[in-house]
Number of protein chains: 2
Amino acid sequence: MTGQVEELDRPAETSTGDEYVDLTPEYAREIFDALGEDDSNTASELLSELHFADIADLLGWASSNQRAQLVELIRPDFDPEFLTELDDELREEVINLLGTDVVAEAITELDSDDVVEVIEDFDEDEQRELLGALSDIERARVEEALSYPEYTAGRIMQRELVAIPDYWSVGQTIDFLRSAKSLPDDFYDIIVVDPRYSPVGIVPLSRVIRTNRPVLVRDVMESEEMRTVLVTEEQENVAHLFRQRDLISAPVVDDSGRLVGVITVDDVVDVIDEEYEEDMMRLAGVGEEDDLSSAILDTTRSRFTWLLVNLGTAIMASLVIGMFEGTIQQLVALAVLMPIVASMGGNAGTQTLTVAVRAIATRELTSTNAWRVIRKEVAVCGLNGLAFAVLSGAVTWFWFGDVMLGAVIGVAMIVNLLFAGLFGALIPLGLERAGIDPAVSSSVFLTTITDVVGFFAFLGLAAAFLL
Amino acid sequence: MTGQVEELDRPAETSTGDEYVDLTPEYAREIFDALGEDDSNTASELLSELHFADIADLLGWASSNQRAQLVELIRPDFDPEFLTELDDELREEVINLLGTDVVAEAITELDSDDVVEVIEDFDEDEQRELLGALSDIERARVEEALSYPEYTAGRIMQRELVAIPDYWSVGQTIDFLRSAKSLPDDFYDIIVVDPRYSPVGIVPLSRVIRTNRPVLVRDVMESEEMRTVLVTEEQENVAHLFRQRDLISAPVVDDSGRLVGVITVDDVVDVIDEEYEEDMMRLAGVGEEDDLSSAILDTTRSRFTWLLVNLGTAIMASLVIGMFEGTIQQLVALAVLMPIVASMGGNAGTQTLTVAVRAIATRELTSTNAWRVIRKEVAVCGLNGLAFAVLSGAVTWFWFGDVMLGAVIGVAMIVNLLFAGLFGALIPLGLERAGIDPAVSSSVFLTTITDVVGFFAFLGLAAAFLL
């Protein structure tokens with residue numbers, strides 16, 4: 001299965017389907033060992049067996065010393081596409097190590113959308129320097145792409161595309177494809193446009209080949225299933241559209257409906273990755289720029305803010321406890337048990353919150369079914385509240401030999417879990433309605449509520465009924 | 001931009017790029033209102049304007065009553081692909097409402113991989129019933145797919161593909177494509193095989209069209225960039241491969257290297273979705289089957305287990321507090337302040353944990369850089385520990401007027417955050433090494449540690465130095 005024609009006679013078992021070696025942690029360690037012994041020949045040889053995407057991964061695993069050594073080894077002969085495979089933070093470091101000249105030269109070999117990806121995080125002066133080696137046409141394309149806001153369709157679309165008028169026959173189309181000089185390297189769909197250069201349909205290439213020459217393109221194109229995307233559309237919405245409609249490609253148009261680019265499903269895969277990572281990180285109070293390869297101080301600073309907010313809310317919960325100092329003084333068991341009520345509320349609420357944040361992202365949860373979902377979540381948490389009221393009540397009774405103390409913790413548990421379900425659903429819905437990403441800061445609001453309600457219900461009931 | 005040829009003369013502004021109406025919450029409400037008034041004519045009319053993927057979304061937003069009404073309205077004339085757009089739980093409900101006969105008939109119009117998606121969650125008897133209406137060939141294909149384990153390449157691949165021998169010329173290939181009877185509807189890449197039917201390369205269709213007829217296919221095919229996938233490979237690894245190598249399609253082979261199917265990037269999008277959802281849900285202790293449309297009791301039961309584990313760990317933390325009942329009795333301020341230490345540890349640890357779980361999933365974190373990442377996380381948490389030691393110490397001194405109490409909370413804070421960073425990284429790495437998904441149950445281990453360490457450090461230091 002290797003790609004070598006001469007090797008066709010070998011038995012299938014010895015082949016790998018790939019000319020490259022797979023990058024495993026063991027293989028990486030061999031390279032790092034060679035670097036450690038300053039054996040650049042061995043390291044170079046091992047490196048030359050790797051696909052450029054694996055070299056990018058390897059740089060991510062390396063320490064900053066090893067990274068500098070690796071960059072020197074790949075400098076003489078690297079595939080420019082390697083630059084597109086690096087994470088943002090890492091790319092900046094590698095580009096600084098390689099030097100602007102080398103990178104400016106390398107990006108002349110990339111497609112315009114890849115150039116945009118490589119340079120978009122640099123400031124304008126650096127961008128101008130990096131773009132210096134590009135041809136005027138190429139530079140104009142990149143600068144146009146950079147003129148669209150980040151995270152919009154204009155940034156992820158390809159400008160290289162094949163468009164034909166709808167009055168052409170299949171034969172004319174094939175002749176055009178065979179003779180045209182400046183087509184993209186590989187393409188899969190042809191976009192059919194009207195005289196205003198507005199897309200009216202899409203034809204998969206396979207259909208062009210399989211249809212008789214005299215047939216008109218307009219008679220074999222897909223038009224019902226085609227969806228156009230506005231160039232300023234947010235990439236999140238583009239990703240949703242592709243997933244929901246199972247699209248392979250979509251033409252991108254400007255305000256006047258003119259075709260300006262095309263987005264294909266493989267561009268969308270990266271967007272889906274980014275959006276998910278954002279949700280997951282935001283739920284935990286971690287910044288998007290918080291990368292394994294970020295500097296310690298940057299990471300510390302980016303996480304500090306969230307922890308500071310959390311300190312504020314923890315102090316708020318402590319103030320609630322402080323209201324009951326006298327009660328605790330009389331019955332220290334309350335101090336022993338109170339974290340249980342708060343923690344169960346926090347966990348039950350987080351379950352609801354996560355389901356709601358996810359369902360809002362996939363648009364399964366909208367204003368049409370919000371109340372039904374809220375009612376369901378309250379019911380679910382209420383039922384689990386009942387179950388854990390019995391369990392925690394029994395444990396408390398057994399532990400402290402006080403049935404009333406068990407009853408108090410049970411009732412507090414039910415109250416707190418009801419609030420957890422209610423606010424676990426309400427908070428993300430409210431943030432979404434206010435135009436704020438429901439993933440960001442939902443969980444800090446929620447645990448504030450479950451801590452405050454948990455401590456207040458438990459200690460308050462104890463003060464009222466036990467003393 | 002509409003697909004209608006006759007409409008080409010309209011100005012671009014009046015066109016929509018799509019024959020369907022967009023499903024908005026407002027549009028859904030109109031339909032639900034019509035259903036509420038038993039006005040099935042209006043409801044049917046509104047429904048007929050929607051794309052089948054939107055109808056699937058609409059069913060997700062509907063109550064179970066509305067769902068039954070909607071299914072009756074679409075029953076006479078629905079696009080069978082609609083069934084592939086439903087979530088698992090919802091699909092089961094809809095198939096039961098439609099009845100086995102209708103569904104068996106509908107799936108005769110689907111590709112084999114879509115049939116697999118629709119029926120894979122039913123038990124064997126039901127599957128046999130649903131497959132009854134399929135042709136023998138089609139049924140054999142579906143049954144073969146079902147013979148591969150769930151979540152493997154064999155389940156997501158398409159069996160419909162175009163394979164040609166590598167000794168063909170481009171001309172022969174084009175003639176074959178134009179004359180062959182049983183090719184897939186649309187296809188984008190042609191797979192080139194050797195005499196053993198092992199894939200040796202891939203040719204994008206655009207390259208076939210643009211190359212002169214006498215050229216051999218083997219001279220224009222991609223072989224270096226081709227990656228084959230084993231039919232039993234886990235879908236998670238397939239998704240990783242596609243993302244890492246930016247693949248458009250990959251041939252799937254059996255144990256002996258024979259071509260059995262093809263996976264394209266659009267199949268992988270759904271896998272990426274599933275894998276992410278799994279990670280996100282598992283981190284919050286929510287089961288994958290926990291869907292908005294699940295029954296209340298099912299959801300309650302599926303969340304109960306996690307909460308039960310959490311009750312156990314909360315009790316463990318309480319036992320630690322119980323060791324210091326005497327200390328708290330003498331100084332109730334300790335009970336007021338102790339949740340702050342525990343909560344800060346939990347949050348700092350969750351930040352580290354989330355970064356680590358995510359980095360393990362994207363393979364940015366492997367055994368090659370594990371120790372460096374652990375050291376970094378401990379350093380970051382230690383630095384934030386210092387900052388919050390000062391802050392919480394100052395607040396405590398100011399609040400209780402006791403500088404020693406402030407010192408004790410400060411030291412406890414540093415200790416707890418160091419543990420949080422250490423175990424936030426160690427736990428997912430340890431689970432991964434033990435072959436367990438690092439997302440599952442990491443957070444419960446972690447908060448147990450930060451609660452126990454937090455309470456023990458704070459109350460223990462207080463007992464030693466304050467009394």
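Positions of Cβ are set from backbone N, Cα and C atoms, glycine also.
Values in this document were obtained by computation on a predicted structure and should not be read as measured data.
Summarising the annotation, TrEMBL assigns domain 'CBS' to A:221-278. Under the heading transmembrane segment, TrEMBL lists A:304-324, A:330-357, A:378-400, A:406-431, A:443-466.
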Next on the checklist: Need a quick answer: max count of Cβ pairs under 8 Å to the transmembrane segment (A:443-466), which of A:304-324, A:330-357, A:378-400, A:406-431 is it?
Outcome noted: A:330-357
Item to check | Intrachain residues whose Cβ lies under 8 Å of the transmembrane segment (A:378-400), provided they are six or more past its termini | outcome: 333, 337, 340-341, 344, 348-349, 352, 406-407, 409-411, 413-418, 420-422, 424-425
Item to check | Taken over the domain 'CBS' (A:221-278), the model's mean pLDDT | outcome: 92
Item to check | Helix-strand-coil residue split for the domain 'CBS' (A:221-278), DSSP-based | outcome: 25 helix, 15 strand, 18 coil
